[in-house]
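Asks: The structure follows.
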Amino acid sequence: IFRIDEAYLISAWVASFLWGCFTVLAAYAIYTIISIRKSRTPNKVVTSAIIVLYCLATAHAALSIRRLIEAFIMHADDIGSELYLADIGAKINRAKDLIYITSMWIGNLVVIWRCFNVWNKNIPVITLPVLLVFSTALSGYGTIGHYFVLETANIDEVSCWGAAMFTTSLCMNIIVTFLTAFRIWWMARSTTSKSIKRYRTLLLVIIESGLLVTITKAFEYGLYQYAPGSGLNGLNAMYIPFDCMPQITGIIPTLIVIVVNKNLT
């Protein structure tokens, strides 16, 4: 048994740490964008995406802390923290989950953009990942839509929508990580020995970055399968990776932007 209030306390601590990391990386990414303006024009769409992702991650972290304050202080003596946190239909929780879905598909699109460029802007290569991103967004917003009608919603149906969201997102990350890593490894085979070290380093960055999201997604999906519908009993550890995803899905694209702007590729 992993209590839901424990899960949210741990997730808030980890997410706050990741938000601090994201803040440093986002600031450095903006610095690199400004510093390269004299030599080349930075990608405005990707730059805007990083800024939006940081704003979403900040809002999500703030709402997480606010929700804990309401659970452990404002509602400690009436319904209690567990019952309050188990109410997924609460307005503040809806807002958090909307941010989660939005940051996830924006972050995924930035990762796909990187894959697209590595493959010399080969559209067929990214067709399936793009479709998976839209499927993730559709199933994610569909899941949250049920939160507004929890009194009449079918729990099994909501679970199916949620499972579809986690599955499509996980598949997309696995595919894009493999495609990007394979392409860079293939290009490194034909480079001079002087450049091989640089490409190998980048390959490690891309693999590790992709694996960070993919592993987190795998844990998230696995724990989701064991999460109780009510949130009151059973294993509620799913909320730890769940609440950290807006930070992680922002950090990885930001790292990619830094790598590109620093001419490491």
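Any Cβ shown, glycine's included, is placed from N, Cα and C.
The transmembrane segment annotation in TrEMBL covers 12-33, 45-65, 98-116, 128-149, 161-182, 202-219, 239-260.
Surface or core, plus neighbours and distances: that's what I need for these features.
Replies: With a cut-off of 8 Å between Cβ atoms, the residues of this chain six or more beyond the transmembrane segment (12-33) that come close are 42, 47, 50-51, 54, 57-58, 60-61, 64-65, 68, 240, 243-244, 246-248, 250-251, 254-255, 257-258, 261-262.
Long-range Cβ contacts of the transmembrane segment (45-65) within its own chain (Cβ-Cβ under 8 Å, at least 6 residues beyond either end) map to 8, 11-12, 15-16, 19, 22-23, 26, 29-30, 33, 92, 95-96, 99-100, 102-103, 106-107, 109-110, 113, 243, 246-247, 249-250, 253-254, 257.
Proximity of distant same-chain residues to the transmembrane segment (98-116), defined by a Cβ-Cβ separation under 8 Å and at least 6 residues beyond the stretch ends, is recorded for 45-46, 49-50, 52-53, 56-57, 59-60, 63, 122-123, 125-126, 129-130, 133-134, 136-137, 140-141, 144, 165, 169, 172-173, 176, 179-180, 183, 210, 213, 242, 245-246, 249-250, 252-253, 256-257, 260.
Within its own chain, the transmembrane segment (128-149) is flanked in space by residues 88-89, 93-94, 97-98, 100-101, 104-105, 108-109, 112, 115, 157-158, 161-162, 164-165, 168-169, 171-172, 175-176, 179, which lie at least six positions past its ends and keep a Cβ under 8 Å from the stretch.
Under 8 Å from some Cβ of the transmembrane segment (161-182) lie the Cβ atoms of residues 101, 104, 108, 111-112, 114-115, 118-119, 125-126, 128-129, 132-133, 135-136, 139-140, 142-143, 146, 203, 206-207, 209-211, 213-214, 217-218, 220-221, 224-225, all in the same chain and six or more residues away from its ends.
Residues 4, 7-8, 10-12, 14-15, 18-19, 21-22, 25-26, 28-29, 32-33, 46-47, 49-50, 53-54, 56-57, 60-61, 64, 96, 99-100, 103-104, 106-108, 110-111, 114, 202, 205-206, 209-210, 212-213, 216-217, 219-220, 223 of the same chain lie 6+ residues outside the transmembrane segment (239-260) yet bring a C-beta within less than 8 angstroms of a C-beta in it.
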